[in-house]
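Enquirer: Among the features that TrEMBL reports, transmembrane segment is placed at 38-58, 91-110, 130-150, 157-175, 181-199, 211-230, 279-300, 360-382, 388-407, 419-436, 458-477.
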């Protein structure tokens, strides 16, 4: 038998991911685009409901308060998504609520000046105003780093090798949002996981009128089937004598969203009252803004790859961060109870549908705004059990993580230097945040526990984020360890042409501003 040729046992690196049906500027039919946009909206509901459900009760809020916060978060998510897709990076990314802000927000909730308020409703309003003030001040970090192009300058220290751990841990770092949540109600979660994988992968070639309907709408169909199944279990009394925790995670009638939601309610700025400002709260929140910035940087690069675009040039990435800072400012003005970041699950959905169209994401933003105003209808969809979303997250987070690993094709992985940097940064990116989370769960406070609350919040937030730790370790090692003689091994010759807007003629197609605005804001 003849020895295989080199081209038969290896695959050449590719600038753009192949196999997509629609990239950023190519659009499906309007009917298909609307259905795909609705699917992205349904997926975005998971985080939009989970975060307020967790935080509002700690703040002293009622179910009515929770519904208003969910509506407000969705409304601002829609606005931020439109701004990002029109004027930011212009990548097909949904801008959603961020878990990175939970640490400083809980610190604000536990502040003695707020915790001593006896009236629960007054405590909720006072805490919300304190969170708003902290978000408004902290948003300046991303606004300044983005619009001053400082983040673009810093991003020049990034290489394909340094970005692998960051992008990968944007997905892998969210593992506790996946199967640990599925395990809270396995009779719903596991069927959802199996059905979604079957529809999106094994049956993806099933077509109706030349449309691969199971591949395009696997998530929507799976949610409908499992949601109906969960409702049948609830109605039949299957959970009547089960523990309270099981009922909360499995039943379809425990969210109390539909009964509490108004028919029509338009969120507006300062609806909770005038924000209050505290330097300690704001400083702690700045750490979450930095974490959001790093996580979004990784997610933007993953979205570009999945949408079959070139990596975003440095000034485009910085522009997107600036607009995300504006989004966090809007979060503070409206009172969404958390800040913004790129929705990782929606980035993963691009990979399973093979549709990276910007128009689809803009339509999903329209659904967010529309259903946040029509409260009853939005609450109906928002009552889907969290376990169903968690099952889908197992696929989407893993897919985004694998996109990060795909950047290894541009590096030399026969280099011990590269193996060292990749392995150490990924391991520490998982291990250090894991230690911080376990310590916090056991001691009810983070490892940083001094008398300076702002200092504690800053360290505990930074080191609880896997992508942030990975970036700190990987970029430091990559730029200090034999870096002068390792440009080729790091993938820099391939990376260099995408740093500048004019470095590759495809950048103009993907990242030029609409309405001829590019002439007013020429690329640096």
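In case you wondered, yes, glycine gets a Cβ from its N, Cα and C as well.
Unlike curated records, TrEMBL annotations are generated automatically.
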Enquirer: Name the range, of those listed as 91-110, 181-199, 279-300, 419-436, that has the largest tally of Cβ pairs under 8 Å with the transmembrane segment (130-150).
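Expert: Selected stretch: 279-300, with the most Cβ pairs under 8 Å.
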Enquirer: May I ask you to check whether the transmembrane segment (38-58) and the transmembrane segment (458-477) make contact, with contact taken as at least three Cβ pairs under 8 Å and only pairs 6 or more apart in sequence counted?
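Expert: Output no: the transmembrane segment (38-58) is apart from the transmembrane segment (458-477).
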Enquirer: Would you kindly list the residues that approach the transmembrane segment (419-436) from elsewhere in its chain, counting only those six or more residues past its ends and only Cβ-Cβ distances under 8 Å?
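Expert: Contacts with the transmembrane segment (419-436): 161-162, 164-165, 168-169, 172-173, 408, 413, 446-447, 460, 463-467, 469-470, 473-474, 477-478, 481.
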Enquirer: Compare 157-175, 279-300, 360-382, 388-407 by their Cβ pairs under 8 Å to the transmembrane segment (458-477) and return the stretch that comes out on top.
Expert: 157-175
Enquirer: Near the transmembrane segment (360-382), which residues from the same chain, at least 6 beyond its ends, have a CB less than 8 A from one of its CBs?
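Expert: For the transmembrane segment (360-382), the sequence-distant neighbours (Cβ-Cβ under 8 Å, at least 6 residues beyond its ends) are 27-28, 33-34, 36-42, 44-45, 48-49, 67, 70-72, 74-75, 77-79, 81-82, 85-86, 92-94, 255, 257-258, 260-267, 346.
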